[in-house]
Amino acid sequence: MIDAKEIRLFFLRHGYLLIVAAWLFTFAFLFSNYWSYYSSPQGVKRSMEKSIHQREKDFQRLATDTSLTNALLQRNYSQKTLDQLTNQPEYYLFAYDSSNSGVWLTFWNTSQVQPDELQTTLQPGNRFMKLKNGYYEVLTRRMKSTAEHQQFLVGVIPVRMEYAIKNSYLVSHFYHKEELGDEYSILREMPALLLPEHIILPVNNGSGQTLFYLDYNAGMHVHPPNNLSVLLRILGCICVLIFLNLFATLLAKTTNPLYGFLFLFLIVFGLRVLSYMYPFPFDLKELNIFDPRIYAKDEVFYSLGDLLVNVLLAFWMVLFFREHVKTINPPVIRNRWLQSGVIIVASLILYIVEQFMADLIQSLVIDSKISFDVTNFISLPEYSIMYSVIGFVVLGFISFSFLFFSQIINYLLNELTNFQYRTKYIWLGAVGIIWLLFRIHNPELPFSISMVIWLLLYIVLLDFIADRFESSLATVPFLFWLFLLTITTSGALVHYNNHKELYAREKLAEDLSKQKDPYLEMLLNDIGKKIEQDEAIQFFFQDHGARDHRKGAFDELLQKYFQGYLSRFKVNIYAYDENGASLFSSDTVSLMTFNRLMFTNPEAASSLVPGNDLYYYERSFNDYSYIAKKEFRKANNDIAGWLVYTLSPKPVSSDRLYPELLVEGDLSDPGREYAGTYSFAVYDKGILVSNNNDFPFPIRLYPNDLPTADVEIRAVKGYSELIYRASAEKVVMVVKENRMFIEFITLFAYMFCLFLLIIVIYKAFDLLIKARMRLANLRSLINVNIRKKVHGTIIFVIIFSFLILGITTIKFFIYRSEAQNRERLSKTMREVAKDVEKVFENQRDLDQVGDIYDSELMKKLSTSLSDIADERALDINIYDRDGNLQLTTQPLMTDKGLISSKMDPQAYFRLFRQEQIQFIHTEYIGIMPFLSGYMPLRNHDTHEVIAYLNVPYFATQTELNQQISNFLVALINFNAFIFLIAGMLALLITNSITRSFSLVTEKLRHVNLGQRNDEIEWDKDDEIGALVKEYNKMVRKLEVSAARLAKSEREGAWREMARQVAHEIKNPLTPMKLSIQYLQRAIAGDSPNVKELSRNVAGTLVEQIEHLSNIASDFSAFARIGEPNNETVLLNEVVHSLTSLYQGHEDCEVIYLMPEQDFYVFADKTQMNRLFTNLLLNAIQAIPDDRKGQIRVRLQKTADQYVIVSVADNGQGISTEVQSRIFVPNFTTKSSGTGLGLAMCKNIAEQARGEIWFETILNEGTTFYVKLPLIQE
């Protein structure tokens, strides 16, 4: 039991960990609750006001710079001035020149804000406004004012970006305050009724004017804590856990290893349960990694963060138990049935844990949004890459946990089967068959069979490849296990990845079977709202007289709402009065037909957006329609009529590229991860109607080609075909190249490097703990030999070359991609410019440039522009010479406030002021970067600039990421191969180098003065050769010195022996001489008791002569120890016979603990008798007269095939002063004796290839141990 003194010493030695943890938690608490601006609503308010006030001051400072403002208002600013104003994102700047003829925008530094929304605020002062894309404070300053002319400078300070469309590119947030979440919102006015859990705070500008009210909802999910605060808390938890680990280690060493493990397990388990029930040590759900939308399996593994924490804790528990299991002696189970039951339970636990680990890996792949597609890693968003890396780390710890746990179970099975491996394998195989019988109806039975076979092979390798407690990173066994774990985990991951990919392919096939267009749906919903609010359409239905002009009204409706992107569809408009009668004589479709189609035929039509009256109806793959029905009412709320419009694809259409940022919601879907690697085809009535990529799909499907089930997977010449039967007439084929081998190799490369990195970090962390964070201790623990230096150098060169090659090549890819994209965009713009200029020439017959923007001509140009955009699958914007947007194929971009109706200020300056031929640069919408090119459009005759063309290019980053991914896959695969080759070369090189040192080391190890030492033969004249020469020279000198020393030692030994023999003989001769002299004097004096005296003297002489005989026998036996007569000896019999002789002793009790099995050794039986006789005699003689003696003799087998015989007494023990001399010849602690007994015992044990030692406690007793090798059966 651990005593209080040891606990005090432990706290003195390691208490600093708790002190450090307390300080870390304190700083984290202070930072989260007091030092960070978002620690409270009041702090957020102060931070916002400070930011707004600072930007107000900056704008006011700029507004007082007369020369700068005059340059902006008069449009004579320089490129440097424009760069300075556009590169500062703190506020946006606009300069207006207002006169009776209108308002003219002379300067703007952003294309993120609509200037038209600001013209209504051209009155001096500050005001808070809600624009299309967010909330802003607008500061207006009058710079010049006359009766007919005014000039204004407007500063727009962004407060909160709030987009009409929300997706991963367009995320609403407070400006420069991304830490704030949805718990904060903006109110324009103070609410009359304050809701519970809401805190409303006014936010003022620099003048004290309230701009808006900050609404904090305490009941909503709060924002993630600050990264620094999280880091401090994690470090604090690590310090506490290290302290617990050290204390558990102390318990394991001083009491029982199981007590230490149970203490650690119960404490950690209790803390983990608390973290589930309460926000302990902080609210983990605040972190994104604990979001169940990313991953969730069950209540325990509720998120990726929970999985990571649980796996790390399990790895820690297994590692701790494994570290101390070698000190645990399993109890001997005598009952055979009980022993068999324990073997079955242990084997079953092994299979259960293996299945649990496999299920965990399956869940991590299938039940998550985490991508393990390593062939397309860089193309993923940054947050997805982070989750994927965490997923791989979890896989690493799962694998290592299973390795260490299986080592523990295998050690237990070996002990239970007495290291009879064949018996153990039979038991494991039998339990495996029983395990499979219970899973006979499981669809994953083939995979379960492979797992059982794998486990059996794994256990065989565990027994015969490496020691179960090998931990050195430089050993071949360790690298073998790392290699095996990586192969196994990669195989399982490929297996489950294939399942996930098939599901994604099936989902993609299902989506392809429907011609739905998410961008079109959003556009139609937006247009539907505008049509409902259109006053002309409302007037048409409410006023019967207006219906006489319905033809012009609906032509205007088509021109107004169904141009641009919608021009690629055939639009039909139907109007019905309040009775459902058609208002157009040409209408052949009744309102009843539409109602029946939309409401009574759910198989043919499906509502897309409930409440918006928008439906999708499909007759065949290329024959589908979007149908919208709008209801109009009179002033008295009676129905005035219905407007129905349908959109169907035109016979000739192309797949236009539209930006993903226009799609509402989460852009992630199961097929998106793999879409770039798919080829697909759609068949309608057996005829190919649509396909992509270059896979050779057949033009026609025959009945034999059709699948019998709804989904069927076929393998065809290196490709995997998924055939989805959407209906009796429609079939979709999605084909993917079978790259499982490449995926496996790439996964192996990734995971091998990651697993190795995990182990290196673990070893470094372990060294830091053992060194107690002290550099001096760390240096003493790190033993860097030549082998490690060579290995480290080669690995460093490989990693360094990998990094340099990777970084330089990626930079080259980026540079080349930018150059190619710019060149491609430039070429495209030139071609589009020619087409657009030709359209302008064909559509106008005007004298002035400004006339081209006539409204009637614009309607005609819009259709032509849409045709050009459709043909080239791109988007086009046309700006006039003042930078105003006149035509666009993406009206939703400006309608939703994603971009401004003004041209990019840098592009406008380059083309208008500097008259450049083109300008290409990177622009941003939300967080989405894209290339945008600008070019002037010229009059064919006068070469005068009539407009500016803009072509945005949205696919740039996707293509670049794909190229980088492909390169990194090839590079990592190549480096993994090089790493393995280099590892083998490093092994050969280090073996070549160290073999020479090993030879010299081995020779030096066997240098002995008592034998002949051989010289080393070395024929190379190198550094090793010089060392060998010196060694050989030393050997020759040593032989001479050894001969002299041997001669001297022999002479000294004989002198010492002679002295000892003389001393031992002289001792009995003295009383013999005195007795005879006394008898002579008695005879000479005629003493009357001569006869009795003669008898006494004779007795004394016999006793002393017997003593001399014993001395001679001891010296003779000691001399004959080196000549053993070895044979197979049953040690049980020898020990039992000797203990039986002494069991009748009066003063002591000899207890022999008889073992269950026989122990055979190869030794001299006579010497074995002498060995244990001496030990028993010494034990009896060591017991003082004042106590009853008790001697225990025990035989016990060890795991390394040795037997240990222990002889324990309860005598007075051996003092510390003489313990080191116990086995020295001629040394004795008794008043009589030669001192050769224990020396002979030591020599006998060593002659039998064993060893002897003792443990003693003063005044309590001594135990002698004799360890002898067993004969292998």
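In case you wondered, yes, glycine gets a Cβ from its N, Cα and C as well.
Pulled from TrEMBL:
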{"type": "TRANSMEM", "residues": "15-37", "note": "transmembrane segment"}
{"type": "TRANSMEM", "residues": "230-251", "note": "transmembrane segment"}
{"type": "TRANSMEM", "residues": "258-280", "note": "transmembrane segment"}
{"type": "TRANSMEM", "residues": "300-321", "note": "transmembrane segment"}
{"type": "TRANSMEM", "residues": "342-365", "note": "transmembrane segment"}
{"type": "TRANSMEM", "residues": "385-413", "note": "transmembrane segment"}
{"type": "TRANSMEM", "residues": "425-441", "note": "transmembrane segment"}
{"type": "TRANSMEM", "residues": "478-496", "note": "transmembrane segment"}
{"type": "TRANSMEM", "residues": "747-769", "note": "transmembrane segment"}
{"type": "TRANSMEM", "residues": "790-814", "note": "transmembrane segment"}
{"type": "TRANSMEM", "residues": "967-989", "note": "transmembrane segment"}
{"type": "DOMAIN", "residues": "991-1043", "note": "domain 'HAMP'"}
{"type": "DOMAIN", "residues": "1060-1272", "note": "domain 'Histidine kinase'"}
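With pairs at least 6 apart in sequence, the transmembrane segment (385-413) and the transmembrane segment (747-769) have 3 or more Cβ pairs within the 8 Å limit; the two touch. Using a Cβ-Cβ cut-off under 8 Å and counting only residues 6 or more beyond its ends in the same chain, the transmembrane segment (385-413) has close neighbours at 289, 294-295, 304, 307-308, 311-312, 314-315, 318-319, 321-322, 325, 330, 343, 346-347, 349-350, 353-354, 357, 360-361, 364, 368-372, 377-378, 424, 427-428, 458-459, 462-463, 468-469, 481, 485-486, 488-489, 493, 750-751, 754-755, 758-759. Per DSSP, the secondary structure of the domain 'HAMP' (991-1043) breaks down as 36 helix, 0 strand, 17 coil. Same-chain neighbours of the transmembrane segment (478-496): 358, 361-362, 365-366, 372, 395-396, 398-400, 403, 447, 454, 458, 461, 465-466, 470-472, 740, 743-744, 747-748, 751-752, 755-756, 759, 983, counting only residues six or more beyond its ends whose CB sits under 8 Å from a CB of the stretch. Long-range contacts of the transmembrane segment (425-441) within its own chain (CB-CB distance under 8 A, at least 6 residues past either end) are made by residues 343-344, 347-348, 350-351, 413, 417, 448-449, 452, 455-456, 459-460.
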